[in-house]
Amino acid sequence: MDVKAAPNGVATIEDRILRITGYYGYYPGYSSQKSTSRSSVTRCKPGANCPSSHSSISRQLSPLSVTEDSSAPILELQSRGSSGVCGHRAERQNRSGDDGTQTHSENSSQENRIKARYLSCMSMVLKAVWGLLIILSVSSSWVGTTQIVKITYKNFYCPFFMTWFSTNWNIMFFPVYYSGHLATAQEKQSPMKKFRECSRIFGEDGLTLKLFLKRTAPFSILWTLTNYLYLLALKKLTATDVSALFCCNKAFVFLLSWIVLKDRFMGVRIVAAIMAITGIVMMAYADNFHADSIIGVAFAVGSASTSALYKVLFKMFLGSANFGEAAHFVSTLGFFNLIFISFTPVILYFTKVEHWSSFAALPWGCLCGMAGLWLAFNILVNVGVVLTYPILISIGTVLSVPGNAAVDLLKQEVIFNVVRLAATIIICIGFLLMLLPEEWDEITLRFINSLKEKKSEEHVDDITDSSVHLRSRSRANGTVSIPLA
């Protein structure tokens, strides 16, 4: 019986079965080749003439040759089957190797992400810790300066001499900065090289005599006026009132920046400025508009105004400065104060406006303590911007108000009435409103939207869980629930 090929190329049912079952050694025509090899062996009856004996090209077949012919396809199938298995094993090994490499790369990338998150969290924690320390240091140094001034006034009242003396200590700002540079920097520079590098705040040519007089003179005058008016206000008012009124400088900075620098208009900061002005009026009203009270409020507001003008002009002419440039600039102010303003306390001494009996009678301990704490305050303000967030420096400044209030209550130098307490709180709230970023409204809206999305997702999850619970209960009761598409 002849074997007919199927239309799809499969010869027999056996080939179809092998193809369907996926036998590794299968190849098309296997069964036909097998049948051909079997049909090539012709059996002859005993005594009959076999056609193959008369053929010149036929060979005599022995049982061995028959076995060889019949076993050849099987050996081929076995070899093909073994090669197929080995091929699949190799392919599996390659896939497993690729999967292992991919898994290793994913694990390494995940470890890198974890390390990056860990480092970012550690940096945030360190900044927060430094911020807490800076806040406490700034507020305590400012409270200490104010209280030492009040103590000094009991025996020695020379506010301009005290201002001049404390401003001279600013000369030590740059040496302190350079000492920190030598202690922390890997590549250490010489003092002159560092000085020239930091003098770029005055321009590309550095500090020249013309720039020294042109740029340093107005800022030195504003610096002296700010401190002098602050000390005058401390003679008329309590430390709590003066420190609260001085916090209004933030509102004045915003108003001057809006007018002079054309900064962005913000309604919340206008509200803060109005609150600051309201607090000033209420502070003057706290003592029923007493003469000393009004003069003290005027001195404190003048100190806050000159401080704001100093900051705005610094931003206009010098721009932003790093820690080294700020140290260089403040030390330059100290040199200018020592060289050009030293004649003023001499004139005041000989005119007996600010007179003392002898230099030995001066309270050097209080004067050095006041000047040292004032220098520490200025250094901490500039260091804090480098080590932590700038907003924390402002928070440290406003915390000097409750600090001075606590000290005044312990010394029993102030009696808080309702008006004074309300004025202090209003000024502090206005100061904190000034600290809001320019995009505070957008940030608030994003936060509210994120909260709404989280609530909606939780609500959807609750609905899904409840529906799954109801379906499971209905199936347990024997009812059939049809899931919704």
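Glycine too: its Cβ is placed from the backbone N, Cα and C atoms.
Because TrEMBL annotations are produced automatically, they should be read as predictions rather than curated entries.
According to TrEMBL, the protein carries these features:
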- 50-65: compositional bias 'Polar residues' (COMPBIAS)
- 88-98: compositional bias 'Basic and acidic residues' (COMPBIAS)
- 99-109: compositional bias 'Polar residues' (COMPBIAS)
- 124-144: transmembrane segment (TRANSMEM)
- 130-284: domain 'EamA' (DOMAIN)
- 156-178: transmembrane segment (TRANSMEM)
- 212-230: transmembrane segment (TRANSMEM)
- 242-261: transmembrane segment (TRANSMEM)
- 267-286: transmembrane segment (TRANSMEM)
- 293-314: transmembrane segment (TRANSMEM)
- 326-350: transmembrane segment (TRANSMEM)
- 362-381: transmembrane segment (TRANSMEM)
- 387-407: transmembrane segment (TRANSMEM)
- 414-436: transmembrane segment (TRANSMEM)
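Taking pairs at least six residues apart, the transmembrane segment (212-230) and the transmembrane segment (124-144) share fewer than three Cβ pairs below 8 Å and do not count as touching.
A contact between the transmembrane segment (242-261) and the transmembrane segment (267-286) is present, since 3 or more of their C-beta pairs, 6 or more residues apart, lie under 8 Å.
On the 0 to 100 pLDDT scale, the model's mean across the domain 'EamA' (130-284) is 88.
Long-range neighbours of the transmembrane segment (293-314) within the same chain, counting only residues 6 or more positions beyond its ends whose Cβ lies under 8 Å from a Cβ of the stretch, are 218-219, 222-223, 225-227, 229-230, 232-233, 235-237, 241-242, 245-250, 252-253, 255-257, 260-261, 280, 283-284, 286-287.
Comparison of 267-286, 326-350, 362-381 by number of C-beta pairs under 8 angstroms to the transmembrane segment (156-178) places 326-350 first.
Through the fold, the transmembrane segment (124-144) approaches residues 239, 243, 369, 373-374, 376-377, 380-381, 383-384, 387-389, 392-393, 395-397, 399-400, 403-404, 407 of its own chain, all at least 6 residues removed from its boundaries and within a Cβ separation under 8 Å. Stretch with the most C-beta contacts under 8 angstroms to the transmembrane segment (387-407), considering only 267-286, 326-350, 362-381, 414-436: 414-436. Count of Cβ pairs under 8 Å against the transmembrane segment (267-286): among 326-350, 362-381, 414-436, the largest is for 414-436.
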